[in-house]
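Colleague: One structure coming up, written as structure tokens, with questions to follow.
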Amino acid sequence: MQFTALLAALGAPLALAASIPAAAHNHSMIDVQLAATGNSMIKATITNTGDRTLNLLKFNTIMDEHPTRKVMVYQDGAEVQFTGMLPRYKMSDLTPEYFVNLGPKASVEHSFDLAATHDLSRGGKIVVKAHGMVPTAEENATTITGHTLYESNELTMDVDGKQAAAVEQAMGGDDSTGVIDKRSNIVTSSCRGSQLRVLQTALSNASRLSRAAASAAQRNPSKMREYFKTADSRTVQKVASRFLSVARESSSGSTGRTTYYCNDNRGGCHPGVLAYTLPSKNQVFNCPSYYQLPALNNRCHGQDQATTTLHELTHNPAVVTPFCEDLGYGYQRVSALPASKAIQNADTYSLFANGM
């Protein structure tokens, strides 16, 4: 995967990001066009449609360089299984390499192979589209101050299944084996030093926070409207049920449905990643930076081990169905999501639990 910077009008190089008021970030300031460049290859062209420079954070967007969920893929009206990773990124201490500077009317291209993160072995016609929210920072800065939305064109492709099946899966490989702990199926042989104790504490705290959040969802309609944008009975029931499912998984005695690793063995712990999930396998992996987080954060909406574990468990279809995605990060982005997306956003659940 690679970024290819395109020249802006008059051939000027990409400028540094300009200051953009956060209030102006609720609409789309970028255009995303998808094009097929091979059997399962996609080229995404991202264009700044405005008259000011944008500083775009790549995490969990169409520009993410890692095997994350960049697009939705459908075949015969059903979603094609995603086999890539769903990471939780550390949102503090961001550095410039996590951003793309995009001048007015300038574009960048990002290419990726769908077959590396989707099972396309069946072959045939597929439909691909992308949508999301890109966090933005101000000029010469790395503090997130706003966001912009995007929605791509709908692309139809005819895939050769045999050719797609020959593409190496980005997060593939045989399932690891090891000694399993009874709680949430922790692979204890993956833990070093105090990591097992830290993870067990995080799971215990995640269970406690999830039960409290389930109760708050049922008793505090104003908080439901703040985070999930509605307090109707159906949404309340669904949110509470999901929190209780996370609580059960976090405290399971011997029936855990996820497999949790203290350390990464699939190469997904890229810079900035706290932990990640493989939803196709119901597996969660902690990264070294996870152990630098506090067990619990007293700062409202601050990241910690407990809510990171809670966040990752919502990515697992064995716990939450359909599993939650990464549609918005941080309180400002979460609070901008409509109800239909808030309920499917992993960070909405972790922030709600942290804020109770």
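Placed from the backbone N, Cα and C atoms, the Cβ positions cover glycine too.
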Colleague: If you check Swiss-Prot for N-linked glycosylation site, which of Asn140, Asn205 comes up?
Modeller: Asn205
Colleague: Based on the record in Swiss-Prot, give the one of Cys262, Cys269 in a disulfide bond with Cys287.
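Modeller: In Swiss-Prot, Cys287 forms its recorded disulfide with Cys269.
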Colleague: Consult Swiss-Prot and report which candidate among Cys191, Cys324 shares a disulfide bond with Cys262.
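Modeller: That record, Swiss-Prot, gives the partner as Cys191.
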Colleague: Which one of these binding-site residues has the most other Cβ atoms within 10 Å of its own Cβ: His311, His315?
Modeller: His311
Colleague: Taking the Cβ of Glu312 (active site) as centre, how many other Cβ atoms lie within 10 Å?
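Modeller: Cβ-Cβ neighbours of Glu312 (active site) within 10 Å number 29.
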Colleague: Determine which residues of the same chain, besides His311, His315, Asp326, have their CB within 8 A of the center of the CB atoms at the recorded Zn(2+) site, and list them by sequence.
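Modeller: Neighbours within 8 Å of the Cβ centroid, excluding His311, His315, Asp326: Leu86, Pro87, Arg88, Thr277, Glu312, Thr314, Cys324, Glu325, Ala346, Asp347, Ser350.
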Colleague: Hey, what's the Cβ neighbour count for Cys287 (disulfide bond) at 10 Å?
Modeller: 22
